[in-house]
Amino acid sequence: MSWHPRYRSSKFRNVYGKAASKEKCYDCVPITHSVHDNHFCAVNPNFIAVVTECVGGGAFLVIPIKQTGKLDPHYPKVCGHKGNVLDIKWNPFNDFVIASCSEDSTVKIWDIPNQLLKRNITSPKKELLGHAGRVILIEWHPTADNILFSSGYDYKIMIWNLDVKEAVISEPVKVLDAHADVVLSMSFNTDGSLLATACRDRKIRVIDPRAGAVLQEANYKSHRVNKVLFLGNMKKLFSTGTSRWNNRQIALWDQNDLSVPLLEEDLDGSSGLLFPVYDSDTHMLYVVGKGDGNIRYYEISPEKPYLNYLMEYRSHLPQKGIGMMPKRGLDVSSCEIFRFYKLIPTKGLIEPISMIVPRRSESYQEDIYPLTAAAQPALTAQQWLNGVNKGPLLVSLRPGSGAVNSVPQCLEPEPLMKTTDLSQQQGWGERMPLEDKQKPREIEDGRKQLKVEEKSPKNEQTCFSNCFDIFECPPPKTENELLQVFYRQQEEIRRLRELIIQRDVQIKQLELEIRNLCTDTGSN
C-alpha cells in the first residue's frame with residue numbers, strides 16, 4: 001500500500017498543514033447551498049471569488065485577497081445570471097477576468113475592476129450561448145490565451161475563442177460530442193494538447209480536443225470515477241471515485257493504456273466526494289474530501305509504487321468546496337508550497353490552509369521552488385486552434401527575479417518627470433561654470449542614478465484606488481486604522497517630495513553636462 005513505506009528520502013516528507021488565524025480568515029460569507037460537486041471557489045493573488053446565495057438568480061462574491069475579517073452583509077455581488085452559478089474560474093493570464101457558468105445555460109465572462117466594488121456587477125464582458133442545458137463545468141486552456149472549455153447537461157463540451165470583438169458569442173469553434181452522459185470532470189495535460197474527462201457513464205476518456213477524437217477510453221467496472229486529473233508530464237492520470245462496495249477509492253492510470261489501473265486503493269467508507277489537486281512543480285498530489293475536514297497528500301514518483309503517502313491534514317470543520325492559490329501568490333519566505341481556501345458553510349467561513357515545508361533558514365529555498373508556470377500565455381488562441389502546441393512559460397519565484405503577476409489593469413501613476421526639449425529651455429552657447437566643470441564624477445554618478453530610477457517604474461506594478469492600494473491594504477474600518485492610513489499617506493507624500501527634489505537636481509546636472517559637451521563639440 002502507498003502509506004506503508006517505512007523509510008524514504010524526500011524533502012517533502014515533513015510537510016504540514018497550518019490553518020490561518022481567525023483574523024486572516026474571511027468571516028460571515030454567505031456560501032452557496034448548491035449540491036453540485038464543484039469547488040465553488042476560485043483564487044488568484046489579487047482576489048478570492050466564492051459562489052453565494054442570491055434571491056432571483058445566481059451570484060458570486062469577489063473579495064480582495066487582503067480584505068480578511070468579517071464581510072459586510074451588503075457587500076456587492078456579481079449577479080448577472082438568471083439561474084444558480086455552478087462554477088467559476090479565473091483567467092490564468094489575467095487576474096481581473098473571471099468566467100462563470102450557470103443553470104441558465106450560459107457562460108459569462110466578467111471584467112473585475114481594480115477598485116473596491118461599490119455596486120453589483122450585472123453586465124458581463126462577454127456572454128457565451130450554445131448549450132441546450134445547464135452548464136456545470138468550465139476550464140481555461142493552460143497555455144493558450146482566451147480559449148475556454150465548457151460542459152453541460154447536453155452532454156457536450158464546447159470550445160470557445162474569446163479573442164473576438166463580439167460581446168455575445170453563439171457559435172463555439174468546436175463541439176466535442178463524445179460522451180453519452182454528463183461530464184463530471186475535465187483536466188488538461190501540461191501543454192493543453194490533450195483533455196481527460198470523467199463521465200457519469202463511469203468511463204475515463206482521453207481526447208484530442210482540436211480533432212475531437214477519443215484516443216483512450218477506460219471501461220473498468222470496479223472503479224466508478226467522479227474526478228480525473230492529468231499528472232503533469234508524467235503521462236499518468238489520477239482519478240477519484242467509489243468502489244463496488246461504495247468505499248471512497250483512488251486510482252492511477254497510464255494515459256496510453258486505460259484498460260487496467262496501475263494502482264487502485266480504497267481510502268474509507270465516507271460518502272463525500274474526493275477532489276484531487278496536483279502540483280506539477282513539487283510532484284505532490286493532494287486529495288481533499290468534501291464533507292470532511294481532511295486533506296491527504298502524496299508524492300508521485302515515475303517508478304513503483306508511484307504513489308507515496310506523506311501525511312494527512314485533519315480538521316473537525318467539514319469543507320463544502322475548496323480554492324487553490326496559484327504558485328505565484330505563495331509566501332516563499334515561510335516555505336509555503338501550496339495554499340488551500342476551505343469553504344465552511346456551517347460557520348460562513350473561508351479558512352486558508354498553508355502547506356509548509358519546515359525549514360530553519362529564512363532565505364529563499366530554491367530546491368522546493370522550481371520554475372513554475374508564468375502568468376503570460378505561451379500561445380495566442382488562433383495559434384492553438386491552428387495546431388500549435390507549446391508548454392507554459394516558466395518563471396522563478398525568487399523575490400526580485402522578475403514579474404510573476406498577470407497582465408495588470410491598473411491605473412498608471414503620472415510620471416514624475418516629463419521629457420522636454422532642452423534646447424528650447426537653455427542656450428547652447430553658454431559655457432558651463434568652472435565649479436561644475438570640477439565635478440565630472442558627481443555628474444556621472446547622478447546620470448547613472450537617474451537611469452536606474454527611470455528604469456525602476458517599468459518593473460513596478462502599482463494599483464491606485466482612492467489613495468490606497470486595495471490589494472496591500474483593505475479600507476480602514478475603525479478610527480485607529482483610519483489614522484494609520486493617514487500617517488502612511490503623509491509619509492508617502494514626504495518621500496515623493498524628496499524624490500522630486502532629487503530628480504530636479506539630477507536634471508539640472510544632466511542639462512549642464514549636455515551644454516558642456518555641445519560647447520566642446522562646437523569649439524573643435
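Cβ from N, Cα, C; glycine included.
Note that TrEMBL annotation is computational and uncurated.
Taken from TrEMBL, the feature domain 'DUF1899' covers 6-69. Shown for the domain 'DUF1899' (6-69): DSSP residue counts in helix, strand and coil, namely 3 helix, 24 strand, 37 coil.
Under DSSP, residues within the repeat 'WD' (78-112) fall into helix, strand and coil as 0 helix, 22 strand, 13 coil. Among the features that TrEMBL reports, repeat 'WD' is placed at 78-112 (among others).
Looking only at the repeat 'WD' (128-170), the predicted model's pLDDT averages out at 95. For 128-170 (among others), the entry in TrEMBL reads repeat 'WD'.
In terms of DSSP helix, strand and coil, the repeat 'WD' (176-217) has 0 helix, 22 strand, 20 coil. What TrEMBL records for 176-217 (among others) is repeat 'WD'.
Per TrEMBL, the feature region 'Disordered' maps to 420-454.
Annotation source TrEMBL lists compositional bias 'Basic and acidic residues' at 432-454.
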By DSSP assignment, list the helix, strand and coil residue numbers for the repeat 'WD' (128-170), in that order.
0 helix, 22 strand, 21 coil
